[in-house]
Each structure stands twice: as C-alpha cells, then as structure tokens.
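Down below is the structure, laid out as structure tokens.
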C-alpha cells in the first residue's frame, strides 16, 4: 500500500480565518448549531459586525484542528440515525476498475482513505429517506431547521435595514425564512437539499429560487493530470471563497479513492457525473456501456456519499439529429457519450429507459437528481434551438417521475446564450420543469473571449440568477483552454459570488444590500481596512491598494492613488459637508439672535 507522504497527500490544507473575520455559531433547536462569519469593523465606524453566509466549514475555525486523514466530524449522523428509517449493511467491494483499472496492489494509485466505512447506510426495506419525502409528510427535519437559520443569516438584527426594492419575476422571498417555509418549498419541488445519508459531514444547505442564489465549483483530475493532494486543496480553497457545492468531475485514474478523500473532508454537498466513471470501467469505449455497469457505479458512489448526480437522461435518440446543423454540435461530455451509445446501438438512451430504476436507488440514500443538459448549446449561434428545448421538455417529464418517488430534482441549463435570449430560457424552464430549481453553467454571453470566459459567463449568470436560476456553475479563466489550477478556482468562485450577489440584490432579497452599504460607508470614511475586509476577496483588494501605496500609513490616508490627496472626490465631498454644516450653524445663530420667530414683522 502506498504511503501518504509518497503520494503527495497533504498533511494539511489551507486553514485559518478569512482576514478581518471570525467564525461564529448560532444555536437552534435539537442541538442545531449553524456556522456563520462575522466581519468586524473599525471602532470609528460605530457599527455592529457584518454577518455573512459562510460555507468554508471548520477550515476557518481556529479552534478546530484539521486532520484530513481523519476527515471532518459527522455533523448529521445523529439526526439521520434518530429518524429510525436507515440500516447499515456490508457495502460493495471496491474493485480495481473503480480506480481506473489499477491493479489489486494499487500500484500507481493514491492511498485509500484511512478507516473507510465499509458499512454504509441505506433506507430500510419499504422506507424512503429523502428530505422531500419527509417534507410531504409535514415533517420539519433538523436539516430544515439548520437551513432556515443559515438563510436568515442574522436578518433579525438587520430588520430596520431591510429593503425590498427589486424585481423578483414571481419569486416568493419572505422577510424571514422559517423551517416550515423550507419544508414547504422542498415538498413542492421548488428547492433541493442535497444531503446523502452517507455524507454526514456536509452542512445542510438549500438550492431554490426563493433563497439566496448559490454557486458551484468544479474540480477533478483527468487522464492527463491527476494529483489527489491538489484536488483536496482545490475543494477547501473553493469553499473558502464561497463555493456552496463542489462537483468532482474526475475522468482519470484513482477516481474512487480521490472522491473518498474529498467527501470525507467536505462540509458542502458533492456532485458527480457518474457516466464519466462508468466510461472508465469500459476502457473509454462508449458503445460498451451497459445499464449494469452504470447501475453498479451509482451504488458505488451512493455508498461513498455523493449528494447529487448529473444524469443525462434527456438525450433521446430522436433528438440527436436535431444537433446536426449546429456550429458546435454536442458539447456536453455526458451528452456526447450517450449520443454515441444511442447511435451505435440505435436504441433509446438507457438512462431514459431505466429512469425509474435510478429513482429507486437515489431514494434509498437521499441523492438528488441534477438532470443534465446534454444537448446544451456550445456557442451563441446554437442557443435556444429545437434540440436544446426538446431535451428540456423531456427533463420536465422526468422531473414528474422523480417526484412520484419523492426524489429531489434540479435542472441543468446552458451554456452559451446571448443576453437577449437568456430570459426565455428561465421562463421556459419554470413552465416545462414545474418550477424545479434551475442550475446553469453561466451562460456565456459571447464567444470571443477565451481567457476571459469567467467574465463573459458572469454577465449571463447575473442575469439568469436575477430571473430565477437557483444555482450558478462557475466558469474559470481556463474555460475552453485547460484545467483550472488553484488560482483559477479562486478567480472563478469570487467572480460567481459577485454574480450571485448581484442577482440577490436585483431580486430584492431583503438584506442583500447590507454588506454593500457597509462597504460604501467605509469607502466614504476612508476606513481602508474595513473596505478590504468587507470585499469578496480581501487579499486582492489590499494587494491592489498596496501596489501604489504600500506604506502602512496609507491605510489611514484620506485619499487613494487614483485621485491623490488634492483631487479625491470623497474627501472634497466631506469638506463640502463640513462647510455646509458650518454654514447651517451660523444661520441657526442668526435665527436665535432675532428672537427665534418664524415670521418677522415687515420692515416699515
């Protein structure tokens, strides 16, 4: 067995508080304890700390010792067991092909996670353990309690500052989130709690258009680059900067073991595209895929704790010819795999024909569907075509089938869409897919900016998030060019946090503006450190400031390098206010000298 040090598994990952912030915990019922982040302001501000949503997990709590070889504390395990509807069992044996045809001695692979649980949980016979099932029965789970506190994020403290001036396009965002509201949104299928019973380390979160807009970050090894140390750190790094979920899109060797390391150390939901690993098991030959291989892969990943699966069940045989005249054809990896299988066998997609079988598996572990858009447009010229919308209609049909089994569903969306075609995508999804949460990749609004596609896509992401998309899948500067590294992940996450927040502001989320206004006051009052700390990326903000004004004293200066001390507009405005205030005092004195009468007698 390979030694950890030999395989470059990190003994540590990025930890410690985000600068200017501290981890706090808000207590709820039944032992619920919700992590949040507070940004402390300078005493001169005379303001309360700014409380913000936090998905960085224990990694930013200095009081918690992180040992990735031990994994995180199983936060939800007691809640799961207390419901009395699960059982442990002897899990499937790990096979060489699970790790990409590695030999039995694991030579050339990464070390397995220490003390792997070979007795996963599943629903007892006849039971259904999904959050949707509980919600339909009127049950408020501990997960729902946790989410309500988390989504409110101190709204009660900000009650006086609430502003509802946005355009929500029909979304129903209450002033305060209650556990019962969370339950009802889950029961109606308008929101998803992605929380596999075998991933108890995950902190409950919700994806739905009546909640904060969430973002996902993609990580993963590939056939040409595979380093589990980098993948674990990418996950930690992504959630540090605000990724609400992470998808492991590994396509190379060591897939199973890499995923185990990530899951055991992830406080956020983990999603996968199971067809990628299934393809590895048949040596990359799409035609050799079978339902049996795919089913085995689903169970393998379910036992590990994957929280949501992208399933390309909407790529039907009849739709494939509709892509023939596209500029870029089928750009989805999963979509192209299934299209090739359908054409090779001239049969209907086995993910479609076995969809109810997939539902039976998912409801035993509470895994959510992320119904894949395998026919999404790969360029703006292909946007909103017959192939794309035919698949979307099918995803709506499959959503109804999943809900019949009380399996949670979200719908994946494009892609590449010019700005004027974005809203029709959202409107059509709400109708065709019965208001199931929309989860979109961007969309990219132009195709001319390789190297800057985090920007081209953030434009579309902000717009579609405003219109109602529940979760945005990030795009990094490396999109279409190569695999993102650690720095690319940060840029992608911060860019998409910006897009999601802009959408929350536009939707009229009651306290979304609170952080903006706190930063604006800090900017006007030249509280530089508060400006840095309130930003989405404090390190970069301070670094840019210090490139021209590196002296520590410059952080107390009432100007910046752009205007200089003589031409700072905000400094001049402050002086104008002082002069105006002084003038008002003089007029007040004159008023008092003349007896304080409102109406003076007319002069004779």
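Just so it is clear, glycine is given a Cβ too, placed from its N, Cα and C backbone atoms.
Keep in mind the model is a prediction, meaning the values are calculated, not measured.
Features as listed in Swiss-Prot:
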BINDING   218, 247, 276, 312, 332, 333, 334, 373, 374, 375, 376, 412, 439  substrate binding site
BINDING   416, 480  Zn(2+) binding site
BINDING   560, 563, 568  [4Fe-4S] cluster binding site
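A map of Swiss-Prot features onto the structure.
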residue	record	DSSP (3 states)
218	substrate binding site	strand
276	substrate binding site	helix
332	substrate binding site	coil
374	substrate binding site	coil
416	Zn(2+) binding site	strand
439	substrate binding site	strand
480	Zn(2+) binding site	coil
568	[4Fe-4S] cluster binding site	coil
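Take the binding-site residues 376, 416, 480: by the count of other Cβ atoms within 10 Å of each Cβ, the lowest one is 480.
Among the binding-site residues listed (416, 480, 568), 416 has its Cα nearest to the Cα of residue 439 (substrate binding site).
With the fewest other Cβ atoms inside 10 Å of its Cβ, the least crowded of the binding-site residues 334, 374 in this structure is 334. Taking residue 416 (Zn(2+) binding site) as the reference point, the binding-site residues whose C-alpha atoms are within 10 Å of its C-alpha, out of 276, 376, 568, are 376. Rounded to a whole value, the Cα-Cα separation of residue 332 (substrate binding site) and residue 480 (Zn(2+) binding site) is 12 Å. The maximal spread of the substrate binding site, taken as the longest Cα to Cα distance among 218, 247, 276, 312, 332, 333, 334, 373, 374, 375, 376, 412, 439, is 20 Å. With every protein chain in view, the residue among the binding-site residues 276, 439 whose Cβ has the most Cβ partners within 10 Å turns out to be 439. Residues within less than 8 Å, Cβ to Cβ, of residue 218 (substrate binding site) and separated from it by at least 6 positions along the same chain comprise 246, 247, 249, 473, 474, 484.
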